[in-house]
Amino acid sequence: MKKVMRKSLLALGVSAAGLVSMSAQADIPIAIAGPVTGPVAQYGDMQTIGAKMAIEQINKAGGVNGEMLKGVIYDDVCEPKQAVAVANQIVNDGIQFVIGHLCSSSTQPASDIYYEEGILMISPASTNPAITEAGYDTIFRTIGRDDAQGPVAGTFIAEQIKPERMAIIHDKQQYGQGVATAVKETVEEAGINVVVFEGITAGQQNYSSLISKLKLNNVDFVYYGGYHPELGLILRQSAELGLDAQFMGPEGVGNPDISKIAGEASEGLLVTLPKAFETDPANADLVAAFEAKDQDPSGPFVMPAYTAVQVIAEGMEATDSTDPFEVAEYLHENTFDTPIGKVDFDEKGDLEEFEFVVYRWHADGTKTPVNTDKAQTGSEETATE
Amino acid sequence: MEAPLYFLQQVINGLTIGSTYALIAIGYTMVYGIIGMINFAHGEIYMIATYVAFIVIAGLSMMGIDSTIFLMVAALIVAIIVASAHAFAVERVAYRPVRGSKRLIALISAIGMSIFLQNYMLLAQGSRDKAIGNILPGGWHFSGGDFTVVLSYMQVIIFAVTLISMLLLAAFISRSKLGRACRACSQDRGMANLLGINTDLVISMTFVIGAALAAVAGLLLGMYYGVVNPYIGFLAGLKAFTAAVLGGIGSIPGAVLGGLLLGVAEALTGGYLSTEYNDVVSFGLLILILLFRPWGILGKPEVEKI
């Protein structure tokens, strides 16, 4: 009897110890959802390294309210169907904070689920306006919108390039078509002649009939809304088929892989990208931390992902809670100093201010900012990478 | 002068892509002709062959070899060997054990194999696009009025290699002993077996030949586009399958005709309507054929054997 007693007491003690250590280590899980595999996985990597770095630095500084953050990675392959499955899994896993998703077409359906389940989501990469237009109060983004990016590109085209006959191509996906439409509206308002506006199928490899058509129409400028694998092939085949036109694309094409695919044909491509946060002197320590881990802080979504984690942590700290609604309310009401500058969310969850800059891409995978100051047309600053 | 030249350019574009559809379609049609199943893993064999060709070209280039002909021949030989080995293994592992059972089981086995092969390459090579430089740049330009027709060297190579492969295949089927056995098997496998033909060997060889032609297509398209990823097999396989059905599944000339037709139809749609309607037209064509001539353009109507 005594033996049994002692045994059960011991068991009780063990389980109590277990309980204590559990509550001390009860991490706050944060889901990082985006493409880990698939054709645009490198953008997912940018998001992951940014978010992971923020989590690591916050934990090193003592965590949030004494608890540690824990990043949990989910793979949506940039497919809407997969994104819904991932969102449901995040719900089932009881995670209340999400960094992601990356592709707008994935973020959109996933955000419906997060809103219904009371989960706070911040996308560091999805630029399609519709995502925050739904008016969900727990959905945010730390990047600009296509209807901000499109006009930047459109205005640049109308004022600096002034093409005679322009073509706009997109990949029929939410992101690509969204930004392409925004560009179309801006340039047409400025009186630019858009002679071809057409969609392609993402994953398609043969663009010869499209390029021949652009040649027939004597197109001198092509704007492409979409991601780099398709534009890379279009550039390569355009060079082969003798289409002599200037190309431009959104940040979805601004990736060194485009130079691997298109080679010399990627030289001179124009790209709108978020401002190069890694060149901001205020971020020098952070950049050094990335470089110490042999990671590249210059990807367009790295700093926005870092920022997303940081504002969530600050929200939790200030409200002393991990309730998504309380944190969301705090995010709406306050401003934050972050690596992407001063962050101030409007009532939709969009940033009040976010700057896109036009870059010229080079065949070696680097980029230089194009000086958009009208007084100095044509002059370009030197390499920043 | 512009309009006919533009039409010519689009036909050239269409024939280029169409001839590679035809090369892949033959693999579908031959297997169907002999064992009556659709080998859905065939598109993945094409994808694997493209990877192999890339690895060989990249490897030899790194060793300082820059003779285009040598690179192509070396890549072709290695790609054919590796692709054939894969197809042979797939048939042994996934199809032969279920050959006697219902058609649906073989079909599911094929889809499973397709998913397996895609993920196997995904793990081995990663999901990102792999690219090689253009090893055969340039072409002929014919100018007339405002429009210049471009016939790139690579397009000519694609036509020429496809034509040679087709002639070799035709000679093999009609002249060689194994080709005769193939034809016998496609007419009546049971009877061929009774007459002493090793049908297992014939079926294996069918898979190997189909894979070899897919490897030729893999090398050609790989060089033409310069890019490969583990997902290219799906779309290419689907298009080639459409081409095979269009021409009449089971018929080799049908597969060739179907491939060329599909390629030209796509190019003209892209050229005169919109690229957005490419798939609408190709699959619309398929539906029309299935409605009015289910056995395809050159196929034979199937007589139900009672």
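Heads up, the Cβ atoms here are built off N, Cα and C, so glycines get one too.
The annotation transmembrane segment is assigned in TrEMBL to B:20-38 (among others). Residues of the same chain lying 6 or more positions beyond the ends of the transmembrane segment (B:20-38) and with a Cβ under 8 Å from any Cβ of it are 45-46, 95, 99, 103, 106-107, 110, 158, 162, 165-166, 169, 182, 185-186, 189, 202-203, 206-207, 209-211, 213-214, 216-217, 220-221, 236-237, 239-241, 243-244, 247, 249-252, 254-260, 262-263.
What TrEMBL lists as transmembrane segment is B:45-63 (among others).
Feature annotation from TrEMBL assigns transmembrane segment to B:69-90 (among others). Same-chain residues lying 6+ beyond the ends of the transmembrane segment (B:69-90) with a Cβ under 8 Å from its Cβ atoms: 41-42, 45-46, 48-50, 52-54, 56-57, 60-61, 113, 117, 135, 157, 204, 207-208, 210-212, 214-216, 218-219, 223.
According to TrEMBL, the transmembrane segment annotation covers B:102-121 (among others).
Tertiary proximity for the transmembrane segment (B:150-173) is limited to same-chain residues at least six positions away from its ends with a CB under 8 Å from its CB atoms, namely 9, 12, 15-16, 19-20, 22-23, 26, 72, 134, 136-142, 179, 182-183, 209, 213, 216, 220, 223-224, 252, 256. Annotation source TrEMBL lists transmembrane segment at B:150-173 (among others).
Sequence-distant neighbours of the transmembrane segment (B:201-225) (same chain, 6+ residues past either end, Cβ-Cβ under 8 Å): 16, 20, 23-24, 26-28, 30-31, 34-35, 39, 42, 45-50, 52-54, 57, 72, 75-76, 79-80, 82-84, 86-88, 90-92, 96, 132, 134-136, 154-155, 157-158, 161-162, 165, 169, 172, 178, 181-182, 185, 192, 236. Annotation comment: TrEMBL describes B:201-225 (among others) as transmembrane segment.
Residues or ranges marked as transmembrane segment in TrEMBL: B:280-298 (among others).
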Six or more residues beyond either end and a Cβ under 8 Å away: which residues meet both conditions relative to the transmembrane segment (B:102-121)?
36-41, 43-45, 47-48, 51, 86, 90, 93-95, 230-231, 233-234, 237
